[in-house]
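**Q** As annotated in TrEMBL:
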| type | residues | note |
| --- | --- | --- |
| BINDING | W13, R33, K80, S112, R227, E253 | NADPH binding site |
| DOMAIN | 40-132 | domain 'Glycerol-3-phosphate dehydrogenase NAD-dependent N-terminal' |
| BINDING | K80, G108, K163, D216, S226, R227, N228 | sn-glycerol 3-phosphate binding site |
| BINDING | K80, R227, N228 | substrate binding site |
| DOMAIN | 152-291 | domain 'Glycerol-3-phosphate dehydrogenase NAD-dependent C-terminal' |
| ACT_SITE | K163 | active site, proton acceptor |
| BINDING | R227 | NAD(+) binding site |
Amino acid sequence: MNDRIIIIGAGAWGDALSKLTQINGCEPTIWSRSCGRVLSEMITDRVAIISAVSMSGVPAIIDRLHGAIEPNQIIVTATKGLDARTNLTPAQLWHQAFPNNPIVVLSGPNLSLEIQQGLPAATVVASHDVDAANTIQTIFSSPKFRVYTNDDPIGVELGGTIKNVIAIAAGTCDGLKLGDNAKSALLTRGLAEIIRIGQYWGGKPETFYGLSGLGDLLTTCNSPLSRNYQVGYGLAQGQTLSEVLANLKGTAEGVNTTKVLIQIADSNQIYMPITVLVDRLLQGQITAPEAIVALMSRDRKSE
Ligand SMILES: NC(=O)c1ccc[n+]([C@@H]2O[C@H](COP(=O)([O-])OP(=O)(O)OC[C@H]3O[C@@H](n4cnc5c(N)ncnc54)[C@H](O)[C@@H]3O)[C@@H](O)[C@H]2O)c1
Ligand SMILES: O=P(O)(O)OC[C@H](O)CO
């Protein structure tokens, strides 16, 4: 299987995933927009096609691959975002375009810099196709990377995606130096919010307590390496969103994910108080201290 993997996207995550497969003796081909080669010509005979592009690039990559993928090829999506045009997840977009292919979602608490440094980590590969999940587990498993299979791809995908919104809130909380009590309250209520909308979308509640939900929430909300956390931290310092994004290395998917979540929550009456305030903060309609006051002064309720 040495050279039969292709990774699409040479950003921070595509590079880290490539390194993980190399530990197992794979020699993956990496495709990026700037490599000068035709993607559809490079996927012939690949066992797995691994997409690690940011959300904004997923529709364009799918377009490039139309008519080129064989039904037995496994599509792995490692993107953590939501499509602003359709409100679909990346795995749903891939499935819509390639309904006969096995789709595997790869997601977990996986900061790329720590993985590049050779530090240990764990992740989840989720699919309705057990054989496909097992194949991807074998490709990535190593003493540095523990890979669990899972049969709830939508739950795994949404955990890793929605936590980015809570990570923006967590960065804001730390930027304002609100302390550990406030942070724990935010993360716990943030998880409740993730489960509420995640279940509506079809995810299993227990999935959100696993690595791709709670696990990734803890990593992203506690690490200054997280770009989403950095967005919240910068806003708490009084920077505008444009100023924060201008200095950010790479993509903070939570910014666009917030917009999509607000639309879904609004049209389905799903209560998402943290997401609503993150949205208002990102839009510059409210300051970080005002967002905290608004969160704390809501109507009393039971847990
Ligand atoms: N960096 C991490 O620690 C990490 C970990 C897990 C998951 N992710 C997720 O992986 C995805 C990519 O993250 P990243 O950190 O590599 O981001 P990045 O900003 O470093 O890289 C994004 C990549 O997507 C490519 N891309 C964007 N639009 C494209 C298009 N239209 N056509 C072709 N390629 C396009 C870019 O060229 C680049 O290679 C995100 O959804 C992110 O949430 C990142
Ligand atoms: O840098 P972020 O905020 O995109 O976080 C990276 C990963 O999602 C952490 O698992």
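Glycine residues also receive a Cβ, built from the backbone N, Cα and C atoms like all the rest.
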**Q** By the count of other Cβ atoms within 10 Å, pick out the sparsest of the binding-site residues R33, K80, K163, R227.
**A** R33
**Q** Quick check on the domain 'Glycerol-3-phosphate dehydrogenase NAD-dependent N-terminal' (40-132): DSSP residue counts for helix, strand, coil, in that order please.
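**A** Summed by class, the stretch gives 30 helix, 19 strand, 44 coil.
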**Q** Between the Cα atoms of S112 (NADPH binding site) and K163 (sn-glycerol 3-phosphate binding site), what distance do you get, rounded to the nearest Å?
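**A** Pair distance, Cα basis, whole Å: 16 Å.
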**Q** Determine, to the nearest whole angstrom, how far the Cα atom of R33 (NADPH binding site) is from the Cα atom of N228 (sn-glycerol 3-phosphate binding site).
**A** 24
**Q** Please list, in sequence order, the residues in the chain of D216 (sn-glycerol 3-phosphate binding site) that are at least six apart in sequence and whose C-beta is under 8 Å away from its C-beta.
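**A** Those within reach of D216 (sn-glycerol 3-phosphate binding site), by Cβ under 8 Å and sequence separation of 6 or more, are S107, G108, P109, N110, G159, G160, K163.
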**Q** Just checking a number: largest C-alpha distance across W13, R33, K80, S112, R227, E253 for the NADPH site, rounded to a whole Å.
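**A** Spelled out: the longest distance between any two Cα atoms in W13, R33, K80, S112, R227, E253 is 22 Å.
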**Q** How many whole Å apart are the CA atoms of K80 (NADPH binding site) and S226 (sn-glycerol 3-phosphate binding site)?
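**A** Cα of K80 (NADPH binding site) to Cα of S226 (sn-glycerol 3-phosphate binding site) measures 13 Å after rounding.
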**Q** Which of the three DSSP states, helix, strand or coil, fits R227 (NADPH binding site)?
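**A** The three-state answer is helix.
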**Q** From the DSSP assignment alone, can you count helix, strand and coil residues within the domain 'Glycerol-3-phosphate dehydrogenase NAD-dependent C-terminal' (152-291)?
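**A** Tallied per class, the domain 'Glycerol-3-phosphate dehydrogenase NAD-dependent C-terminal' (152-291) gives 106 helix, 0 strand, 34 coil.
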**Q** Looking only at the domain 'Glycerol-3-phosphate dehydrogenase NAD-dependent N-terminal' (40-132), what is the mean pLDDT?
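**A** The average pLDDT of the model in the domain 'Glycerol-3-phosphate dehydrogenase NAD-dependent N-terminal' (40-132) works out to 98.
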**Q** Mind computing the max CA-CA distance among K80, R227, N228, which the record assigns to substrate binding, rounded to whole Å?
**A** 13
**Q** State the three-class DSSP label for W13 (NADPH binding site), counting H, G and I as helix, E and B as strand, and everything else as coil.
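**A** W13 (NADPH binding site) sits in a helix per DSSP.
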**Q** So among the binding-site residues S226, N228, who's got the most Cβ atoms within 10 Å?
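**A** Per the Cβ count within 10 Å, the most buried is N228.
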